[in-house]
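Structure record follows, encoded as structure tokens.
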Amino acid sequence: MVLIRVLANLLILQLSYAQKSSELIIGGDECNINEHRFLVALYTFRSRRFHCGGTLINQEWVLSAARCDRKNIRIKLGMHSTNVTNEDVQTRVPKEKFFCLSSKTYTKWNKDIMLIRLKRPVNNSTHIAPVSLPSNPPSLGSVCRVMGWGTISATKETHPDVPHCANINILDYSVCRAAYARLPATSRTLCAGILEGGKDTCHGDSGGPLICNGQVQGIVSWGGHPCGQPRKPGLYTKVFDHLDWIKSIIAGNKDATCPP
């Protein structure tokens with residue numbers, strides 16, 4: 001079993017180097033305007049600055065991270081450039097917010113998830129459409145897509161006008177345990193990144209999606225500081241492990257409990 005895991009990690013390392021390019025998610029490529037119709041931006045009424053991302057999973061519900069909770073949250077949908085407003089941009093406020101734990105007591109490696117019910121549903125449009133929840137967990141080595149308006153510099157807060165995207169790999173959880181000594185032996189998180197560094201989510205990307213094969217498999221949670229260091233992958237809340245809770249809440253069971 002140990003040998004298989006070592007071989008798998010070596011294969012992923014080779015794949016990571018094969019995919020290396022000039023793009024970084026901290027400085028990466030501008031997303032195609034049509035590839036992120038489900039991506040939303042969270043900001044507060046006072047700041048007007050995006051502090052987190054989120055994912056539209058149906059016309060009335062948005063998935064994000066517990067760490068992204070704020071008073072007076074606003075949710076922007078259909079946005080690409082912050083300088084040029086699409087005709088179908090919509091803004092919503094939460095009607096209800098649900099957490100596995102209090103947004104103040106989640107841990108970095110457990111239950112960093114928030115489900116937001118919008119006060120008014122949104123309509124599908126050219127730049128707005130939900131993404132599917134996962135039918136199965138992602139496979140080790142899967143190439144997945146991360147995106148957001150987070151900082152594009154590992155050393156200073158430099159936020160782009162448009163969302164940036166990059167491809168990263170699903171890694172064995174043991175890679176993240178080796179990188180972060182305090183991680184428990186098991187957790188309901190995904191370990192994902194590029195082993196040699198360079199591609200990573202960063203400040204301002206929290207709450208945004210990890211998309212694998214057209215499904216939202218992860219929620220950006222946390223990672224190394226500064227972002228994008230070699231062998232310091234990111235941690236993503238594992239959406240598949242929370243499916244029953246998500247579906248129960250949406251169905252109207254407000255007392256649904258998260259997996260232990």
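Backbone N, Cα and C atoms are what each Cβ position is placed from, and that goes for glycine too.
Listed in Swiss-Prot:
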- Cys31-Cys165: disulfide bond (DISULFID)
- Cys52-Cys68: disulfide bond (DISULFID)
- Cys100-Cys258: disulfide bond (DISULFID)
- Cys144-Cys212: disulfide bond (DISULFID)
- Cys176-Cys191: disulfide bond (DISULFID)
- Cys202-Cys227: disulfide bond (DISULFID)
- 25-251: domain 'Peptidase S1' (DOMAIN)
- Asn83: N-linked glycosylation site (CARBOHYD)
- Asn123: N-linked glycosylation site (CARBOHYD)
- Asn124: N-linked glycosylation site (CARBOHYD)
- 1-18: signal peptide (SIGNAL)
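Of all the glycosylation sites given, namely Asn83, Asn123, Asn124, the one with the smallest number of surrounding CB atoms inside 10 A is Asn83. Among the disulfide-bonded residues listed (Cys165, Cys202, Cys212), Cys202 has its Cα nearest to the Cα of Cys52 (disulfide bond). Taking the disulfide-bonded residues Cys52, Cys212, Cys258 in turn, the residue surrounded by the fewest other Cβ atoms inside 10 Å of its Cβ turns out to be Cys258. Nearest to Cys144 (disulfide bond) in space, judged by Cα atoms and limited to the recorded positions Cys31, Asn123, Cys191, Cys202, is Cys191.
Averaged across the domain 'Peptidase S1' (25-251), the predicted model reaches a pLDDT of 92. Annotation note: Cys165 (disulfide bond) sits in a strand segment as assigned by DSSP.
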